[in-house]
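This report concerns only the one structure given below.
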Amino acid sequence: MSPWLKWHGPAMARLWGLCLLVLGFWRASLACPTSCKCSSARIWCTEPSPGIVAFPRLEPNSVDPENITEILIANQKRLEIINEDDVEAYVGLRNLTIVDSGLKFVAYKAFLKNSNLRHINFTRNKLTSLSRRHFRHLDLSDLILTGNPFTCSCDIMWLKTLQETKSSPDTQDLYCLNESSKNMPLANLQIPNCGLPSARLAAPNLTVEEGKSVTLSCSVGGDPLPTLYWDVGNLVSKHMNETSHTQGSLRITNISSDDSGKQISCVAENLVGEDQDSVNLTVHFAPTITFLESPTSDHHWCIPFTVRGNPKPALQWFYNGAILNESKYICTKIHVTNHTEYHGCLQLDNPTHMNNGDYTLMAKNEYGKDERQISAHFMGRPGVDYETNPNYPEVLYEDWTTPTDIGDTTNKSNEIPSTDVADQSNREHLSVYAVVVIASVVGFCLLVMLLLLKLARHSKFGMKGPASVISNDDDSASPLHHISNGSNTPSSSEGGPDAVIIGMTKIPVIENPQYFGITNSQLKPDTFVQHIKRHNIVLKRELGEGAFGKVFLAECYNLCPEQDKILVAVKTLKDASDNARKDFHREAELLTNLQHEHIVKFYGVCVEGDPLIMVFEYMKHGDLNKFLRAHGPDAVLMAEGNPPTELTQSQMLHIAQQIAAGMVYLASQHFVHRDLATRNCLVGENLLVKIGDFGMSRDVYSTDYYRVGGHTMLPIRWMPPESIMYRKFTTESDVWSLGVVLWEIFTYGKQPWYQLSNNEVIECITQGRVLQRPRTCPQEVYELMLGCWQREPHTRKNIKSIHTLLQNLAKASPVYLDILG
């Protein structure tokens, strides 16, 4: 064997790999302090021998200390001190536990840089005193101090005060050693001249004009004598303070309008605790228009603006230099108010070319005014020849409300020669005869068509030719439309509340090999696909269109024994290829086996001729995303009449637990949805919610998807890191999506990460960022969301436990179902 093969063959490659692995473990162990063990996020030192004498520090170029979230120290009798710089490197630290050790002293600034600390446990140490200054800047959930030999003094009186005023430390039996070296319950501690301080400001309210100066005075008192300091937050204006033992003053000069609404506090602090008195600063200033842009189209046309001013400015619009009189079709809407800043828009309902022009906004209050102008173009003037033909009659485009040229038009008609008038008269006679003949023919044709329609009321489905509207029964949700080949049908995004009906397809569901490997003999008798006669299906109107084909609202006869006909949603197959037909039949078998009260019901198929048809139950109120938006705080912007009632928290919990129930069922059947979102859930009567996906959502909600390559559309805003990076879809990835669905529900249908582009969303999710808690979301539900969004799939909450928790929360709040009317 050659020397090269001897040292570079496959066996040696495995040996080198093993050596590198051992070297990696050895290097990691060297980086961790003696008597401690380390991981990427945790340090624990529990071996008493040889033990540690100082707070553990990581070696340079080892694990990043910023990633450490928990430090556990136990049985370290020689650890006595935490110095100022011992903990500062662990800025991500959340849990610090030092128990059964020799800790005697903690430096005042030991935790100054550990703002993420939430849990501290110093049980059974040697602490005789502990100052509140260690913890005053922290938002602690737990501070456990039992088993320490505290000395009865004013230094620990703050612990007694803390127990009396708050629930933390919870149910702790704290003791201190009195002058006789006997244990005394901290609750009974009485120390003379040891009480809380007081602080008082001279003025409870402060109003000043921009650019002026003001001086605040504060007096403090208490025993022990407190320290006085000013908490000015992020005050922009220049300021300076002077303090003595019991008096202090704060002078603010050249006050900025940016400081209006900010709070200024005078704080008195001593060993026992602190007291503060606050004043709100109100700054009056002239208005400025900081933002005015060209109109954008959403539910209405909107010219967006932002105005600053205090007192609130009066707004006036001008159109082409003249005062714009607002009405219900053109009006100012203020959407967001932030003390002195107003975000809104000039809303225009269906503007035309008549509304094109210059729009000027003027904002005015007692301190001044500001104005800005924008040019708006909503649509071109009618008539395709206008732009290309300079001789096109200008009179066609005169403003209908300006009759100044009527006389000119009459004068021009008088200039026509008499011979032209005679020719025109002859042409008019011929036109009259032609109109009479055409009207007679049309009337006869209409009569024949009415007779044919009456005879064909229950005739064949008619999908090969134009699909007609058969009936107006049971369909008060929106007007019916005639649907024909080549005509423009109403899109699903423009329809009524039932505009989008979506059901499970092969696209978002990973094929279950256990299911597709079975034979017909293995299927249960009640799960065979039901075949529906084509003449029993009568179309009413088109609901939408996806990549697969169209979805129609229809009436289906003889489907249920107890009803002559029921409303259904039918999905047609556009692609008639052999592969598409095979997929169609496989999907039908799959859907037949998915039977649950919170999964959209699949009735069967129609395979008599083309196109192939799937029949699903009809959910009256359409997709959940539109339903949430229509019953949220912004519904007034979309409603044409009285806005619907806003969803309550209990109703949102009721919706959430139904979706979770459906996902528990899918997981039990070993199916992965891959596209769980509110747009793919449907709402029926009495707030009944079911999971589905007809695939139309990729067209209606195109901004929710991220195109990869030529055809693949991924819902990245609902996907976990492993699905984005490795296309790995599991039940755990569905759990992540369920967490996002909960976020959608409690934001009334907002798009996740709506303020970010798709690329920014991918970066955020892969870097570990999560969505913030919605304003209306209970803390328990947000913690549930966080449990769904754990980076490691195996650490995410179990789908059954999610459903159980949501079910319990929903039961605790009764649901009133009259919201749907």
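Note: Cβ is positioned from N, Cα and C throughout, glycine not excepted.
As given in Swiss-Prot:
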- Leu543, Gly544, Glu545, Gly546, Ala547, Phe548, Gly549, Lys550, Val551, Lys571: ATP binding site (BINDING)
- 197-282: domain 'Ig-like C2-type 1' (DOMAIN)
- Asn67: N-linked glycosylation site (CARBOHYD)
- Asn95: N-linked glycosylation site (CARBOHYD)
- Asn121: N-linked glycosylation site (CARBOHYD)
- Asn178: N-linked glycosylation site (CARBOHYD)
- Asn205: N-linked glycosylation site (CARBOHYD)
- Asn241: N-linked glycosylation site (CARBOHYD)
- Asn254: N-linked glycosylation site (CARBOHYD)
- Asn280: N-linked glycosylation site (CARBOHYD)
- Asn325: N-linked glycosylation site (CARBOHYD)
- Asn338: N-linked glycosylation site (CARBOHYD)
- Asn350: N-linked glycosylation site (CARBOHYD)
- Asn411: N-linked glycosylation site (CARBOHYD)
- Tyr515: phosphotyrosine (MOD_RES)
- Tyr701: phosphotyrosine (MOD_RES)
- Tyr705: phosphotyrosine (MOD_RES)
- Tyr706: phosphotyrosine (MOD_RES)
- Tyr816: phosphotyrosine (MOD_RES)
- Tyr705: site 'Interaction with SH2D1A' (SITE)
- Tyr816: site 'Interaction with PLCG1' (SITE)
- 32-429: topological domain 'Extracellular' (TOPO_DOM)
- 454-821: topological domain 'Cytoplasmic' (TOPO_DOM)
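The structure, with features from Swiss-Prot marked on it.
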residue: Asn67; record: N-linked glycosylation site; CB count, 10 Å: 13
residue: Asn95; record: N-linked glycosylation site; CB count, 10 Å: 17
residue: Asn121; record: N-linked glycosylation site; CB count, 10 Å: 18
residue: Asn338; record: N-linked glycosylation site; CB count, 10 Å: 10
residue: Asn350; record: N-linked glycosylation site; CB count, 10 Å: 9
residue: Leu543; record: ATP binding site; CB count, 10 Å: 28
residue: Glu545; record: ATP binding site; CB count, 10 Å: 18
residue: Gly549; record: ATP binding site; CB count, 10 Å: 20
residue: Val551; record: ATP binding site; CB count, 10 Å: 25
residue: Tyr706; record: phosphotyrosine; CB count, 10 Å: 18
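Cα-Cα distances to Asn205 (N-linked glycosylation site) place Asn280 within 10 Å, out of the recorded positions Asn95, Asn121, Asn178, Asn254, Asn280, Tyr706. On the backbone, the CA of Asn254 (N-linked glycosylation site) and the CA of Leu543 (ATP binding site) stand 62 Å apart. Taking the Cα atom of each, Asn350 (N-linked glycosylation site) and Val551 (ATP binding site) are about 29 angstrom apart.
Around the Cβ of Asn241 (N-linked glycosylation site), 17 further Cβ atoms fall within 10 Å across all displayed protein chains. Nearest Cα neighbour of Asn280 (N-linked glycosylation site) among the listed glycosylation sites (Asn67, Asn178, Asn338): Asn338. The average pLDDT computed for the domain 'Ig-like C2-type 1' (197-282) is 90. Sorting the glycosylation sites Asn205, Asn254 by the number of other Cβ atoms within 10 Å puts Asn254 first. Distance from the CA of Tyr706 (phosphotyrosine) to the CA of Gly549 (ATP binding site) is 21 Å. Scoring each of the glycosylation sites (Asn178, Asn325) by how many neighbouring Cβ atoms lie within 10 Å, the top position goes to Asn178. A gap of 29 Å separates the Cα atoms of Asn241 (N-linked glycosylation site) and Asn338 (N-linked glycosylation site).
For the pair Asn67 (N-linked glycosylation site) and Glu545 (ATP binding site), the Cα-Cα distance reads 48 Å. Residue counts for the domain 'Ig-like C2-type 1' (197-282) under DSSP, split into helix (H, G, I), strand (E, B) and coil, are 3 helix, 51 strand, 32 coil.
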